[in-house]
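Look at TrEMBL and you will find 25-35 tagged as compositional bias 'Polar residues'. Feature annotation from TrEMBL assigns domain 'PROP1-like PPR' to 225-377. Annotation source TrEMBL lists region 'Disordered' at 24-51. What TrEMBL records for 211-245, 246-280, 281-315, 316-350, 418-452, 453-487, 488-522, 523-557, 558-592, 593-627 is repeat 'PPR'.
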Amino acid sequence: MKLHHLPTTVVTSTRRHYATKYTAKVTSTSPTGRSLSAEVTPLPSSPYPTDTRGYPIPRRHVICKATQILLNNNHNNQSHPSTSSSSSSPFLDLSDYLHSLSLPLTPTEASEILKSLNHPSLALSFFRFCPSISPNFQHDSLTYTRLFLILSKSPSVPNRSHLVRSILSEMDRSDTRGTISTVNILIGFFGNSEDLDLCISLIGKWKLSMNPYTYKCLLQAYLRSYDSDKAFGVYNEMRRRGHTLDIFAYNMLLDALAKDQKVEQAYKVFEDMKRKHCEPDEFTYTIMIRMNGKIGKADEALALFQEMLAKGFSPNLIAYNTMIQALAKGRMVDKAIFLFSKMVENECRPNEFTYSVILNVLAAEGQLGRLDEVVEISKKYMNKLIYAYLVRALSKLGHASEAHRLFCNMWNFHDKGDKDACRSMLESLCNAGKTTEAMDLLGKIHEKGITTDTIMYNTVFSALGKLKQISHLHDLFEKMKQDGPSPDIFTYNILISSFGRAGKVDEAIKIFEELENSNCKADIVSYNSLINCLGKNGDLDEAHMRFKEMQEKGFTPDVVTYSTLIECFGKTDKVEMACRLFDEMLAEGCYPNIVTYNILLDCLERSGRTAEAVDLYAKLKQQGLTPDSITYTVLERLQSGSHRKVRFRRQSPITGWVVSPLR
């Protein structure tokens with residue numbers, strides 16, 4: 001072969017490497033040196049099909065057939081596990097097929113088969129199987145990289161991280177070097193700093209160079225592991241090398257820095273975005289606004305919001321909420337309401353979070369009267385769900401009057417009511433002691449298509465009981481039995497407790513008997529309420545009989561039961577009986593609480609049994625209980641030697657039974 005017009009000097013520093021290489025021997029040169037003759041030694045022909053550049057072409061028919069064998073046999077084994085056996089293993093059939101070929105399977109073909117398998121465990125089994133095909137088969141970077149990619153997309157694989165680390169160890173033992181694509185996949189897979197350090201070490205070990213995508217993968221991996229410092233370090237290295245991020249990666253980094261309140265670094269990235277021709281979007285601005293709002297820089301947040309508008313962005317719900325929240329944190333009520341009006345004007349529907357932010361700042365600034373203004377501004381978006389939310393929120397904040405007024409607006413403007421709002425309103429009125437309004441509401445709920453339930457009735461019963469409004473309690477209970485719903489165990493327990501608090505022992509007993517004859521069954525609370533009612537109203541014998549009765553019926557007395565009876569016996573100077581009950585309590589494995597100890601300490605101190613009181617206090621400490629103010633009041637009387645009678649704070653008839661000696 002003659003090569004004409006080539007210079008004698010061969011330039012070796014070329015940027016492009018040709019796919020096909022030749023080995024030639026120069027046989028002659030022209031006198032001028034401008035041409036030469038060379039004899040080319042032909043390369044040994046590859047037994048595998050090759051492309052025009054001499055690279056082997058994967059045999060598609062082999063890939064398809066091998067994949068078909070694996071997938072079909074695997075499907076059959078899964079469909080009929082009872083009939084599957086070792087003889088029907090897909091790898092036996094595959095081995096037979098591959099050994100029937102004239103040429104063994106290549107790593108490139110193995111990689112393509114791995115790519116075609118849609119089952120990670122099957123892919124892993126095939127990967128393990130490949131070296132058994134031929135003694136000359138050895139996995140290369142392509143097959144390892146393909147397997148890492150499959151595992152990275154298969155979160156259901158057990159112990160994935162351990163598995164990937166073991167495969168990396170295999171690569172190391174076989175002295176197989178991966179590519180930068182291998183590293184990129186591993187970085188995307190691992191999520192903690194220790195494993196990411198391993199990935200970085202592989203770059204040097206395999207003599208690779210990081211490309212822009214590698215930097216991006218590493219930065220995002222650090223962000224996923226909540227390590228904004230290392231992520232920012234990667235970002236600085238990218239800047240030094242002239243690499244840039246896309247808008248998604250920029251926003252991820254900004255969000256992480258903002259959440260960690262690394263304001264200076266966040267602003268540096270924000271300014272870099274503008275200089276690097278990656279224009280910030282509405283999400284970028286929202287992140288920066290939120291960051292400034294959280295650190296109390298409402299003016300800077302507002303400036304960013306105006307800059308966003310100037311660039312032609314239309315704020316979405318999140319952007320508006322973020323800006324309103326920043327203004328609310330800065331107590332800028334007027335600006336928050338103005339922005340809210342602009343939000344509505346621009347057809348952006350407020351959600352519950354929007355209203356909650358405005359409601360909280362109005363309450364904090366004592367301007368709840370402006371809630372009507374907010375409702376009027378957004379009247380086209382006001383529906384019963386929003387009304388219901390506001391009623392609930394106002395009730396929880398303790399503003400019963402405002403909640404009731406808003407609830408009346410909802411009542412007047414909507415034909416259908418909201419059950420949750422009605423429950424919240426009832427609870428709010430009852431907590432405020434407005435039982436007349438609560439009963440009125442309970443009687444009218446059905447007008448809005450809402451069925452009353454036991455929770456609503458029980459809420460009102462509790463309020464009436466606490467205020468000892470017995471006549472209303474009677475009337476409402478009769479109405480409930482007549483119109484529904486049926487009373488539940490909580491209803492009966494509330495009524496027993498309420499009648500007991502008002503000293504209506506006969507009524508309490510009557511309700512208890514009605515409970516026993518109903519579909520409900522008395523529980524430990526029912527007995528505790530009745531025993532408390534009887535004991536506190538002087539019928540101690542009956543209380544003790546009910547105590548025995550509950551034990552006979554299989555109920556195990558609890559700390560409330562014993563504390564109630566000990567208190568009742570103590571108040572009637574039956575100290576021996578109180579002490580006996582305390583000992584019985586311990587014997588039954590029921591541990592006294594600080595209330596029980598306070599009751600008995602007071603009883604012993606008043607009866608002059610000082611030594612026993614001191615021993616009881618020592619036992620209290622041994623049990624690991626913390627004395628409270630009542631305990632110390634009794635101890636002070638013990639030390640002073642005063643045994644005066646004490647008066648008691650009224651107790652809750654259901655829970656607590658707190659004895660509070662007052663000097």
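Don't overthink the numbers, they just go from 1 along the chain as shown.
The backbone N, Cα and C atoms fix where each Cβ goes, glycine too.
The repeat 'PPR' (316-350): residue composition by secondary structure is 26 helix, 0 strand, 9 coil, according to DSSP. Along the repeat 'PPR' (281-315), the predicted structure has mean pLDDT 95. Residues of the same chain lying 6 or more positions beyond the ends of the repeat 'PPR' (316-350) and with a Cβ under 8 Å from any Cβ of it are 282, 285-286, 289-290, 292-294, 296, 298-299, 301-302, 305, 308, 357-358, 360-362, 364-365, 367, 370, 373-374, 377-378, 380-381. Residue counts for the compositional bias 'Polar residues' (25-35) under DSSP, helix first, then strand, then coil, are 0 helix, 6 strand, 5 coil.
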